[in-house]
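> First the structure, which I've put down as structure tokens, then a few questions once you've had a look.
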Amino acid sequence: MFGTKYLVEHEVHFACEPGFELQGSSTRLCQADGSWSGQEPRCTDKTRLIAELSACSSSPCQNGGTCVEGPGQHRCLCPPPWSGAACQHRTQTEPPAWSTTADPAFSRKPRCAQVEHAQQCRCEPGFHMSGTAAASLCQDVDECELYQAEGAPRLCAHACVNLPGSYRCACPTGYGLLGDGKSCEDIDECALSRDNCTRGTTCINTGGGFQCVSPECPQPGGNITYVKTSPFQCERNPCPMDSRSCHQAPKTISFHYLPLPSNLLTPTPLFRMATAAAPGRPGPDSLRFGIVGGNNRGHFVMQRSDRQTGELILVQSLKGPQTIQVDVDMSEYLDRTFQAKHLSKITLFVSAYEF
């Protein structure tokens, strides 16, 4: 059994030694009414497991022994210090002499007491008895290794660190451990002023770290020039009346930075574009959305979510760590005549982890 807290909402976990099969619940939760969820667990020898009732139904094993059914027979598995066909004999056990070569943290003497002229020994929670009856030793149970098996409950979201008699969960750099003791949450270095971004740059929080960004407007080209109106937006200067190329260029260019976990479930909406009419002016009666640039365009689609809004949707999972660029635009039409184009340049910071 693993788990030392028996309070409401706390769990204990059960596992069997190799060669035995767990019958009952592998995890039980302490419920508000004071009872445990699930069914009482026990370990049964795989080679002797049978479905029909047998002599075990009469509970022939004494002193906490476990009855194991077999074809036409049964046997008792006896806990220390008991032995015999029905666990009816008390075995004299002596604690082993302390070994200087044993790890004093992960290997300990059992606790022994004299009961009815016989000595009984037991281990602390998180340790198991090993060795012979005459020379037993309490050795640490490595919960981290035990729960690495396929299908076993996941103890930690990231890393498990074995401790004497217990374990603890650890998170990667840039993440903190949540109150449940196993989940990891990103630390926002920007909000906590733990970044080293210089003047003129902006801190963007990412999974496990941060980025310092300073987006720039496009260089002048022909009649097309831009001015930065905010840290994350550029606006095109007025065009000459006869310059078609200038009117076709984006009227606004905005920059957006999104942190994402690795292997995010799809489909997932990531970004939304919408239009708004200026006061006193008629708004566009038609909009067109599209993906116009980027280095992983096959992972996304752009679709209309309503009459005035378009959404960028992730349709193929992205495995981190990597940085993805995708450019989307929105063209406005009035009476089927092109009015203006707006460009959004999106940078996705995909972390190495799925949380």
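Our numbering is plain: 1 for the first residue shown, then up by one each step along the chain.
A Cβ is built for glycine as well, from the same backbone N, Cα and C atoms used for every other residue.
Straight out of TrEMBL:
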- 1-45: domain 'Sushi' (DOMAIN)
- Cys16-Cys43: disulfide bond (DISULFID)
- 52-88: domain 'EGF-like' (DOMAIN)
- Cys78-Cys87: disulfide bond (DISULFID)
- 140-185: domain 'EGF-like' (DOMAIN)
> Let me know how many other Cβ atoms fall within 10 Å of the Cβ of Cys16 (disulfide bond).
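Around Cys16 (disulfide bond), other Cβ atoms within 10 Å: 16.
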> Rounded to the nearest Å, what's the C-alpha distance separating Cys87 (disulfide bond) and Cys43 (disulfide bond)? Just drop the number here, would you?
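So the Cα of Cys43 (disulfide bond) lies 17 Å away from that of Cys87 (disulfide bond).
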> For Cys43 (disulfide bond), which residues in the same chain are close in space, meaning a Cβ under 8 Å from its Cβ, but six or more apart along the sequence?
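Sequence-distant Cβ neighbours: Cys16, Glu17, Phe20, Glu21, Leu22, Gln23, Thr66.
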> Taking 10 A as the limit, how many CB atoms besides its own sit near the CB of Cys87 (disulfide bond)?
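Cys87 (disulfide bond) is surrounded by 20 other Cβ atoms within 10 Å.
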